[in-house]
């Protein structure tokens, strides 16, 4: 605390209090504040007369209300919500109450609104009180007065599905083309809600069929969103533009596809809608159908969509079906001949942090096994993306997905672009899981690089491990990783498994020092100190001659002139823990 500034602070607080008090006094000085009738109403409470009138209205006491008619000023008062007695009377079932109240009110109050901008007529319409609305209209109330939200009585009648009310309003001058909230007309709302009778009424009363909302949607587009084919047919017959586009260039056809009604899609195509017009994002109707999983709509769009338009968009519907996890749509597209190896255009890829390109990557990221199977069976390549599909599956720990990718040629020896290690990156996800580790090793993981250390038996120079961050790019050795304090306990098991897949290897001094403390060190030492069996060396030689691609190819293995038992040995089937349906994998 600073005592030197206490006097100044006290003076400042005193001055502030004086200013606040003076301003409050000024507000309530006669002639300064509340100098208008409107301000007086806002700052005053309802009088006793108002309360008596309101009670008579709400309880339906006609005689009592008629007796209060002489208190004209009270009929000009409003409560905290801005409701006049006339507003309260407008929502009563007894029309006589409204007549008495209106006759007692000054004509200047007939168009007065509540704090929400609602007139007495609007309140009667929103309460679906036809007789009250009729009476107010006969008195000359404005049928086109809008609320603060921009809603008109006619639009409210449409929302309430009150056909007779809408007819009444139109007969008394309601504008069917009046722009309401979001620049929508009553026809917009009727079309959106699928109210055919209302649409017919609006069109018969002169509604413009192609009015655009603030987002550029026409009534036809809104009807298409809901799949209201009867209304769409009527609008098209009245000349609605089938080629109209919204502010984002979304076509009516695209909106119909978004709704998923195949009959609506077919109807628009019959009237000449173009399936090759993209929205501003570049997406075509076929993309939307695939993404939403609308199978029947997709089936209609496939034959009418040009491949050139798809290429220009930079994204295939195959991507969309895979991203949305819709294998039934994916199967349809594959059967129709769409390329499963179509890669995202650069302008699309930049929206993804991982710079993904293939449809397979989307399916793997979703853990969508049926879609992955379909794509791989159709020839999808698993090594096309900057982040390898196998890496995503390993991160998930999904055995079946990993096995599926490996059987179709996923590269077990990929290297991450960030923090590349001296050994292939896939290993780091399997250190705690023998099932996944064996999967990688069985499919040709480069185990020898894990034992490749330039220091050998020499003492490693001391250095602190900098950690794995995007700012640390170095050729980190396996011995540096597995000897970390939080991984040392895994070193014995990992190295022991790896020895099943290599010939004689040298263990560097740093790794050896850690292994000597592990339970499996005697077994590891025995293997390292003795020649490997001829059977084991032959397996390694055969695998090396065959190559990784042939090893994972079932067709090639079936034609190999070897006994089945020997084939199984070459493929390390005795170590295929996932194939043996073992559920344990954590050490």
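From the backbone N, Cα and C atoms, a Cβ is placed for every residue, glycine too.
Computed from a predicted structure; not experimentally measured.
Straight from Swiss-Prot, the features:
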- 81-110: repeat 'ANK 1' (REPEAT)
- 116-145: repeat 'ANK 2' (REPEAT)
- 149-178: repeat 'ANK 3' (REPEAT)
- 182-211: repeat 'ANK 4' (REPEAT)
- 215-244: repeat 'ANK 5' (REPEAT)
- 248-277: repeat 'ANK 6' (REPEAT)
- 281-310: repeat 'ANK 7' (REPEAT)
- 313-342: repeat 'ANK 8' (REPEAT)
- 355-384: repeat 'ANK 9' (REPEAT)
- 385-414: repeat 'ANK 10' (REPEAT)
- 416-449: repeat 'ANK 11' (REPEAT)
- 521-576: domain 'SOCS box' (DOMAIN)
Same-chain residues at least 6 beyond the ends of the repeat 'ANK 2' (116-145) with a Cβ under 8 Å from one of its Cβ atoms are 81-82, 84, 86-87, 89-93, 95, 98-99, 102, 110, 151-154, 156-157, 160, 162, 164-165, 168-169, 172-175, 178
Can we call the repeat 'ANK 9' (355-384) and the repeat 'ANK 11' (416-449) in contact, meaning three or more C-beta pairs below 8 angstroms at a sequence separation of 6+?
-> no
Which residues, given as numbers and ranges, are at least 6 beyond the ends of the repeat 'ANK 1' (81-110) yet have a Cβ under 8 Å from it?
-> 50, 53-54, 57-58, 60, 62, 65-66, 68-69, 72, 74-75, 116, 118-121, 123-124, 127, 129, 131-132, 135-136, 139-141
Spatial neighbours of the repeat 'ANK 5' (215-244) far in sequence, C-beta under 8 Å, 6+ residues away | 182, 185, 187-188, 190-194, 196, 199-200, 203, 209, 250-253, 255-256, 258-261, 263-264, 267-268, 271-274, 277
Count up the helix, strand and coil residues in the repeat 'ANK 8' (313-342) according to DSSP, in that order.
-> 17 helix, 0 strand, 13 coil
Where does the mean pLDDT land for the repeat 'ANK 3' (149-178)?
-> 97
